[in-house]
Amino acid sequence: MSDVTDTSTPERPAQLPAQSPPVDPAETAAAEQRAGGRLSWWRGEGGEGARRNLWLIGVLVALIVIGVITRPDLYGDSSWVWSNILVILKLASVVGVVTVGMTFVIIGGGIDLSVGAIVALAGVWATTVATQSYGAGGMIFCALAVGLCVGLVNGVLISYGRLVPFIATLAMLVAARGLAAELSDKQTQVSDNATINGIASTNLFGIPLLVYILAAVVLAGWVLLNRTTFGRRTVAVGGNPEAARLAGIDVKRHTVLLYALSGLCCGIAAIMLTAQATSAQAAMANLYELDAIAAAIIGGTLLSGGRGTIIGSLLGVIIFSTITNLFAINGLTTEAQNMVKGGIIVAAVLVQQVQFRSLTQFLGRNRLTTN
Amino acid sequence: MTEREASPTGGSAEGGSVDAPLVEAPADAVAGEVVLRLTDVVKTFPGVRALDGVQLEVRAGEVHCLLGQNGAGKSTLIKVLSGVHRPDAGQVEWRGDPVTFANPQAAMRAGIATIYQELDLVEDLSVGENAFLGHEPRRFGFVRRGHMARRTRQILGRLGHAEIPPNRMVRALPAAGKQVVSMARALSHEARLIIMDEPSAVLAHDEVGNLFRIIRELTAQGIAVIYISHRLEEIREIGDRVTVLKDGRTTAANLPARDTPTRDLVNRMTGRTIEYVFPERPVAATTADADLLEVEGLTRAGEFADVSLRVRPGEIVGIAGLVGSGRSELLETIYGARRPEAGTVRMAGRALRPGSVGAAVRAGMGMAPEERKSQALLLGEPIYRNVTLATFARYARAGFTDTGRERAEADRVAESLELRPRDVRRPVRTLSGGNQQKVVVGRWLLGDTRLLLLDEPTRGVDVGARAELYQVIRTLAERGVGVLLVSSEVPEVLGLADRVLVMREGRVVREAPAGELDENTVLDLVMAGSLMEGAAA
Ligand SMILES: Nc1ncnc2c1ncn2[C@@H]1O[C@H](COP(=O)(O)OP(=O)(O)OP(=O)(O)O)[C@@H](O)[C@H]1O
Ligand SMILES: [Mg+2]
């Protein structure tokens, strides 16, 4: 580093004392070049996220290998493999959309336990007889508006009412499910709208429309988080709220927007889920909050806020639906499946914390000494 | 925290020390005997060789000072000693035996206690729980709360801070109070070596005196102290021998602390000669027109009362006062981070909405807060994103951030403040303390800040970079930016400011052009009337 001091300020007399042999400038320069150059995706900005995602892809590959080993008969058939991939993605689509919103909330330092309830409320509200009379557009608008509004209420309670996010959204969970039961009179409401129902059954170029919706939401979420001021504020607000506030960021307003965003995602998910079931009821989307939170955490989102990636969360959701699928094709029970899921959550977090750090250090050290 | 872990020297038994007097000198401590010897210690982080062959020798009963620029490797070195990092190469000899501490607990058991540069307290635990964290006095597996509180009270009393209640949450303490708690933690161990990484950075003048008194008591008992500071005058006062680091290497070892010429020390630290001077004041200072900032009768009960002040464009106004005299609170209130109970703040004639940082920033204010870690930095984020935290929205187009532009701007700031390493894509966490401080101040050099509020801007910044920072502040002022500066270092206030306000117990007791005041006058004003038992030291 001595070269930095000396070369960058040539007008100052550089008097190195004899006792201080400078670090080999070439070595330092090369190291810096490497740090900032072609390896920057790996080491620099976003590098940590990229490494973690590689790890998740590894887990996914391992799950597929388990699938191949346990059901070689199925995996021998390439058309089955392709359709199974679509099954997994379709399975992931609804929770995936919810998880994108959840990821923003968690990066922003909060938590949203009410997502499943919001999906149910939006679904129920969109399928009441009155709403259905406005057609598909009316139903979609209703679901999105309900999601957004409930999210706003969450946000306002947390930001301006100073409730702890856990408590506020827990209360909302109970209240929204209650309202959904009230609205639907505890009945299953059948959707008669062919356009809505078609969302789940339509394929475009052989791929279900639901998967396109997931892709669009993920892409939008990625751009929002990584390329916009909104995303930058989210990281700041979650990483160090006091620093964000003192830098002039309106932390309260931003927090409201985060919960509103999560609610909006729930509105989208409500339409998707309603279309899949061609109906809605107060008990739908049960425990989606757990799936979404677990997927985000497995994807590397820090529960304390300030760090997380959309791609990681997406991989987390896909890993979960792959496990579900793995159990289904092997004819195992959901109970066993839930136990494995729990184990995976713990393992993923442990592995990321412990092994990854040492792996990174190992790689870093290796690079220094070999060059 | 298993009881028997790699600690080759065994260390001292913990249970027995509970009822012992405060800092008990180890019975076999011989003054002058070499307790610690480092040979060719190397430590690398990805892309950085933080330590590159360090030699160090510490004797029992001495105060051994470590000197070096920001990023020279001082904190890394002490983290190797305290078991936080493991060295890649080289040897650490502790009381004659080569050792590697597996973790901080092992080092503590061996008798090495450390006060880290970045405070490492648990904010939501009490003072006592923090002091005894990891070695709580127990009986039958239960923490002996009463006993712990008593011991904590004793240690605090000894530190001259009996007023801090042991059961107060650390979160509720001011920065200086937290420093005292980390000191109490170090003293709660039976240590043979106490390492202090820039302990004085958060302390006011009188508290430093208090700290020195404690250090003298420790060394008189044969305990060795490693002391890190960027203030040469402190090293002259308390130090016995000095080891100088530069770029991770020892460039000079065991210099006599009192007699080595400053020129020599600075030269070995920086590899160049730096004149530690303040930039010259413009002669016809601030004939300026209207006031930029007008504060009228600002009051917050218990913090400050009825403060009125003005800052003109291009003027640097300094506020001198003790920690706890309400300076930082005043600055935060002007900035809108706290809501005043009475009084108004006007920027360029327009009243600001009270308690709104957003309004202040929009009106052109910027503030570098006192505590960099908790109030200013996103530690995991890259340097450039920290530098542009207040301005990224300005470089954005239609809501989309322009990271290329941000990096370029951050590069410019890094250049002008001599940030090292210069690569702005590194996470701020990997920067040394002083370099993190430069990021905090650098944030407001971007954009069109018209009034800069600086709270201890040079905390932890080395001699060379400090001169650089002063120059940057002066240049800003020449461009018409108003500056309101708070600093515990009276010479800094007097040297940099055009006009000085002296605060005591929440009130402005004197206002004068800097030229009309000298250090002693200011110190007298600052201390007068308050009971300062420690100040005598
Ligand atoms: N965890 C880390 N990862 C990568 N680099 C690091 C890490 N910790 C320290 N460094 C680098 O090691 C070098 C030495 O840092 P260190 O904190 O020891 O400096 P210092 O002498 O204490 O400086 P200061 O006076 O500013 O406190 C710096 O270049 C710093 O950026
Ligand atoms: Mg340091």
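Backbone N, Cα and C atoms are what each Cβ position is placed from, and that goes for glycine too.
Features of the protein shown, as given by TrEMBL:
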COMPBIAS  A:1-10  compositional bias 'Polar residues'
REGION    A:1-30  region 'Disordered'
TRANSMEM  A:52-69  transmembrane segment
TRANSMEM  A:81-107  transmembrane segment
TRANSMEM  A:113-131  transmembrane segment
TRANSMEM  A:138-157  transmembrane segment
TRANSMEM  A:163-183  transmembrane segment
TRANSMEM  A:204-225  transmembrane segment
TRANSMEM  A:256-275  transmembrane segment
TRANSMEM  A:310-329  transmembrane segment
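Between the transmembrane segment (A:52-69) and the stretches A:163-183, A:256-275, A:310-329, the greatest number of Cβ pairs separated by less than 8 Å involves A:310-329. Scored on C-beta pairs under 8 angstroms, the neighbour of the transmembrane segment (A:310-329) with the top count among A:81-107, A:113-131, A:138-157, A:204-225, A:256-275 is A:81-107. Here the transmembrane segment (A:81-107) does not lie next to the transmembrane segment (A:138-157) in space: the count of CB pairs under 8 Å, restricted to residues six or more apart, is fewer than 3.
Within the chain, the transmembrane segment (A:113-131) has long-range Cβ neighbours (under 8 A, six or more residues past its boundaries) at 94, 98, 101-102, 138-140, 142-144, 146-147, 150-151, 154, 166, 169-170, 172-177, 179-180, 183-184, 189-191, 262-263, 265-267, 269-271, 273-274, 279-289, 292.
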